[in-house]
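Enquirer: Dumping the structure here so I can ask a few things about it.
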Amino acid sequence: MNDAMPRWADIVLIPIINLVLALLVSGIVVAMIGENPFEALVFLIKGAVGSAYGWGYTLFYTTNFIFTGLGVAVAFHARMFNIGGEGQAALGGLGVALVVLTVPWPHWLLALPAAIVGAMAFGALWAAIPAYLQARRGSHIVITTIMFNFIASALMVYLLANVLKVPGSASPESARFIEGARLPNANDLLPFLGFPRSTPLNVSFLVAILACVGVWVLIWRTRLGYEIRAFGHSEPAALYAGISPTKIVMVSMLISGGLCGLMAINAVMGEAERLVIDPVQGAGYVGIAVALMGRSHPVGVFMAALLFGVLYQGGIEVQYEIPGFTREMIVVIQALVILFTGALDNMVRAPVERVFLSRRRQPVAPEPTTPSQPGGHPEKGQAEP
Amino acid sequence: MTEPLAIELRGISKAFGPVQANRDISIQVKRGSIHGIIGENGAGKSTLMSILYGFYRADSGEILIGGKPTEIPDSQAAIDAGIGMVFQHFKLVENFTVLENVVLGAEDGALLRPSLAKARRLLRQLADDYEMDVDPDAVIEDLGVGQQQRVEILKALYREADILILDEPTGVLTPAEADHLFRILNGLRDEGKTIILITHKLREIMEITDTVSVMRRGEMTATVRTADTSPEELAELMVGRKVLLRVDKKPATPGDVVLEVENLRVVDDRRVERLRGIDLTIRAGEILGVAGVSGNGQSELLEVLGGYAKGTGTIRVNGQPIDLTGRTSDARSRRARGIAHVPEDRQREGLIMDYRAWENVGFGYHDDPKFGAGFLMDNAALRRDCEGKMERFDVRPPDPNLAAKNFSGGNQQKIVLAREIERNPDLLLIGQPTRGVDIGAIEFIHQQIVALRDQGKAILLVSVELDEILALSDRIAVMFDGRIMGERLPSETDQGELGLMMAGMAGSGVAA
C-alpha cells in the first residue's frame, strides 16, 4: 500500500517529524554536556537567519548543497549511489581554476559560462571512471566513488603543492583569480538588502536555482529523464524497452558528477577566488543527505539544502556564543539530522502511515453504529424523519 | 455435529486502507477433507490464508481450530496450532540438503545431529506411506520443482501439521507431477489430515476437492460440495456472470513466412546452455503456441527474439536476418523491425510499476516522434494516446494518471497489450498472456490475440497453461530442456500427449 499517505504528508510532514526528532536528541546531547539546549537553538537560528550577514553565509552554504544534492539526486533516479560528490566537486574546482587562470578574462559574464563548462567537465570526468567500471565491469559504484574521493584529495594536494602553487609562496594554493573573473556577490547585485561587502553569497546562487529547474526538466520532461527513471525503477524493464543500461549508467553519472563539480563555481570562484587544498569541505557528503531528505526532487533538494545551510551557518555562530559548544557538537547535530532524515526515515514513516490508514478506515467501519449514537454528526437526514 | 471441524472461520474481515480485502468470511472445513478455495486474482484468497497463517491479523472475526477459538498473531502460532503452509514460491535454502531444510527452524536443541536423525527416520516413513520419496541428502538446487515442493510438504509434516494449506501448488508442475501431488494429497487426507487448496484452475478443483468455496471481491459467494457443481457454475460464481470457457475462432489462413528461426542457441550468464538449437517458423495469420513447464527455455526464446538476450544461430523476419550479437541486438532495434513483445512478467519487464498509465503506454516506444520532438517528451500526447487505448481496450479504471501498480493484473495486461498491438507489428511475441489475470479479462485478451491473427499477423504464444495453448494455437510446439520436442496440431493431440512431451518423454516429428 504505497498510497497510504497523502502527498503533502510524504513531502512535508515526515521530514518535519524527522527533523524535530533529530533536534530533540541533539537537545539531549547538548544538555548532557551541561549546556542549555534552548539557548543553543536560539543562537543557532539567530546566527543563521537573524541578520543579513547570517543569511549571506547560510545561502552560500545552501548553494553548495544544492549543487551536490542535485548531483546525488540525478544519480539516485538511475538507482546509482554516488558517494563521490566530494571528489567530483574538488576536481570541479580544478576545472574552474584552470579555466580562470589560463585566460585573462575581461568580465565575469564571459568567465562564468566558461567556468561552468570547466567545472562540469572536470566533475563529470571524475565520475566517468567509476561509472565506466560500474557499467562495463560491474565494480560497485559506491566503493569506486569513495575511493575516488581519496584519489581526488591526494591529487589536489600534489597539484597545489607542486604545480599550481605560486612560486615563492609557502601556502599550497593557486594564484588569486584576476578581477575580471570575480563573480558579483549579493552586495554588488542587491546593495539595498544590506548584505555586508564581504558576503560570500554570490551570483552562483542563481545558477543553483537554474540548475534546480534544469534538473526538474531533465528528469520529468525529457526522453533521457524518462529512460533514467525507468532504469532506476527496474533494470529488466529497461532492457525490455531497449534502454541501454551502459548508456544510462554513464550518462546519469556524468550529469551527477557535472552537477557536483558545479559547486566549485560557488566555493572556488565565488568565494575563495583561488584554488585551495580542500575547497569542498564536506559538501559532497552533505549532498547525499540533502538528496535523501529532498527525496531526489529539485524542490525537496532546495529545501533540504536550505536546512543544512542553516545548520552549518547557525552551528558556527553557536560556537562563538557558547564556549562549551565545540565544533564537534555541530558535527554531532548534523549527523543526527542525517541519521533521522536519511537512515531512520522508515522508523517514522511506518507509524505515520498507520495513523493515516486508521483514520481513513474509520468512516467505513462504524457506519452501522452511527445512527444509534447520540450527539453524532448533525446530518440533514436525521432531521427529516 | 458429530464430526469436529478442523478449521472454522467466523466473520473474518480485513481491510487495507479503503480496500476491503475480506468481508465477513465464514468457512467450515471438516477434518480429513480437501477443501478448495477458488477465486480470481485479487478476490482475497491470499489475504484470507495469510490471516490463517498469522501474517496479517483480521480486523474482526474468529478463528476456531479443532473447535477451540485460537489467536494466530504470527506464523509460529499457526505452526503451534498445527497449520502448515506450502507457498507458491518455495521458501527453501537452495544450498542446504533436504534434511537440513526440513529441520531448519524446528531443531530440537542446540545440537543438530539428533534432530537430523529424527528427521531422517520420519522422512523414510513418510516416503513409504505417501510416495514421497526424496533423497534426504540431496541439495535443494539439484532437485526439480516437483521434488522441491515435496520438501515443502515434508517440512510442514515434520512440524506435525494437521492442516495443510497449499497456495497455487500446480503452477510450476507438469501434468504428471501434478497428478503425483494429488496422489500424495489424497493419501494425506486418508490419514486424517485436512487440506486447503487455493487455486484458480477449475479442473483441479473438480478433480481433487471434496468441498469448494468461491471468493469474489473479498466475499465468499458460495460453498458447495464439489460433486454437486460443475466448472461452468464455478466460473460463473467467480466472475459473477456467464463466462465462455472456450475461444471462438475460425481456422487459420496462413500466408507468407514471417519468422524463421534456425539452430538458435542461448547460453546464460552461468554458462548453462538454455536454448539448444531451436528451429521454428511462423507464417502470417498464424498462432504458434509454445507449451512447456516453465524454465525449459521458453523465457530465453522470448528474450532473444525480443532483443535482450544474446544468442547464436539465425533469425529472419520477413526474410531479412536479424542481428543477434552486435550493436543492433537490442529491443529497440527489434521494435523497429516490426516485432512487438508482451513479456511473460509484465510487472518486472512490461511495465514500470511506479509509472503512471500514460507514461507506460509509451514504454519502449518513447523515441517515437509522435510522443514529442527532439529532446523533450510530449506528455500531453502520451496522455491522449493513453486515453484512447484505455477506451479501446476497456481498461478499468480509465484513469491515465493512475500508477501501473494500482491496476489489477488483467488491466495491467490490457495496457501492455494495447501498447504492443496498436503498433501494428508483423510479429507479436506474447508470454503468459493471462497469468494473474481474472477470468473476465482472459476472455477479452484471447479475443484480441485471435483478432490480431485474423488481421494476418504472426503470433508466437508462450504459455504454461495447456488449456490456453490448446484453445488459441494453430500449431503447438512443445519445449523441454532447451529443445523443441516436436510440433502437433491442436486437433490431433491432447493434454496427455503434450504432458508427456513436456516431461521430455515422447515427441519428435513435426505436424503437417
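Cβ atoms here come from the backbone N, Cα and C positions, even for glycine.
The transmembrane segment annotation in TrEMBL covers A:12-34, A:54-76, A:88-105, A:111-129, A:141-161, A:201-220, A:248-269, A:275-292, A:299-318, A:330-352. Look at TrEMBL and you will find A:360-385 tagged as region 'Disordered'.
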Enquirer: Would you kindly list the residues that approach the transmembrane segment (A:299-318) from elsewhere in its chain, counting only those six or more residues past its ends and only Cβ-Cβ distances under 8 Å?
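Expert: Same-chain contacts beyond the ends: 11, 15, 19, 40, 43-49, 54, 57-66, 69-70, 73, 209, 212, 215-216, 286, 289-291, 293, 325, 329-330, 333-334, 337, 341.
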Enquirer: Residue list, the transmembrane segment (A:330-352) vs rest of chain: Cβ under 8 Å, 6 or more residues beyond ends.
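Expert: 5, 9, 13-15, 17-19, 21-23, 25-26, 29, 286, 288-289, 292-293, 304, 307-308, 311-312, 315-316, 318-319.
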Enquirer: Under 8 angstroms, Cβ to Cβ: which one of A:54-76, A:111-129, A:141-161, A:275-292 has the largest number of such pairs with the transmembrane segment (A:201-220)?
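Expert: When the Cβ pairs under 8 Å are tallied, A:54-76 comes out ahead.
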Enquirer: When you scan the chain for residues with a C-beta under 8 Å from the transmembrane segment (A:275-292), skipping those not six or more beyond its ends, what do you find?
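Expert: For the transmembrane segment (A:275-292), the nonlocal Cβ contacts are 61, 64-73, 76, 83-90, 93-94, 96-97, 149, 153, 156-157, 160, 164, 172-174, 260, 263-264, 267-268, 301, 304-305, 308, 334, 337-338, 341-342, 345.
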Enquirer: Residues of the same chain, at least six outside the transmembrane segment (A:248-269), with any C-beta under 8 angstroms of its C-beta?
Expert: 60, 63-64, 67-68, 70-72, 74-75, 77-78, 80, 82, 84-85, 88-93, 95-97, 100, 111-112, 115-116, 119-128, 130-132, 134-135, 141, 177, 181, 183, 202, 204-205, 207-208, 211, 215, 218, 224, 227-228, 231, 238, 275-276, 279-281, 283-284, 287
